[in-house]
């Protein structure tokens, strides 16, 4: 059995070798010749999986180690009798922590408290729900918009997008990309929406590039609209609008979900799905794969305020480390993908063991996802 895996899927070679012969290949572009005798294909979001790629090939199963699936023609796979699995929620924690890293940087730079801001969350799936929970643990007001879930009667106080635009100081997008249909998200943030944002608002897109109309956004910023922007995703990736990058406050190369834990979850989820597909079901404990974190433990004295939280968050991950490299190479062919391929190891907050002498600080840090314990001072 021959299994092709994206060369940037951590632990894929070791795991899938339990099931067959493994060949690691680049994800963009996939070397088509390798598909001629392969039984399974494991990809990431950079690989477009459709009829033109797989028609006439012996592939029986496709797995994507990503939460999103808009790069996969699921309808055609089903029609062709090809098994499929994604990894929903695998990188949700990573994306939430990316948003926090960005907001805490902007708050420090611009001198505001997040408690003074209302956060509008557009898309309340795996990422949106986790973001809401962590923000509300800090006492930060959130407004939720998710028409599909609202129409299904899902639990939640869902508002219209217009209401979020009117009342939110921070608007962050966490939707799939739907190019048509009743819940279309292509250019959901169009020129009208962008111009309607509150003066000084913060706009964040860490889902799919085309959810925000990049041309309209550049127009508004070029005309001097007072708006802070965080973009991790771009229309036309791996190409991006260099002029837009110059205007945004934080720009990164589609790496919001790129924690080691998130990647490992994605790999293990599709590995477990494929093992079940072929009748040799196996399960993997994530902590058996991950290395020891860079920082073993730290001690925190006193209560948890915003500056202290910012220091802890940026000790684990400071978004500026990914902004600067992109600005240096933007516009050079191939460099966007190279930044992603050679991405520095990044961990999640849970990797940081925090010893607190303040019980409320320990409790709050645990709610936020840190590995915190209370040890009273002696």
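Glycine too: its Cβ is placed from the backbone N, Cα and C atoms.
From the candidate list 110, 232, 287, the residue Swiss-Prot records in the NAD(+) site shared with 146, 175, 257 is 232.
When Swiss-Prot records 66, 258 as binding substrate, the matching candidate from 45, 52, 85, 275 it lists for that site is 45.
Spatial neighbours are here defined as Cα atoms within 10 angstroms of one another, and by that definition residue 254 (active site, proton donor) has no neighbours among the binding-site residues 66, 146, 175. Closest by Cα distance to residue 66 (substrate binding site), from the recorded positions 146, 175, 237, is 175. The 10 Å shell around the Cβ of residue 232 (NAD(+) binding site) contains 26 further Cβ atoms across the protein chains shown.
Using a 10 Å Cα-Cα cut-off around residue 208 (active site), the binding-site residues 146, 175, 232, 258 reduce to 175, 232. On a Cα basis, residue 45 (substrate binding site) lies 11 Å away from residue 257 (NAD(+) binding site). Of all Cβ atoms in the shown protein chains, 23 besides its own fall within 10 Å of the Cβ of residue 254 (active site, proton donor). Put simply, 232 is the one of the recorded positions 146, 232, 237 whose Cα lies nearest to the Cα of residue 258 (substrate binding site).
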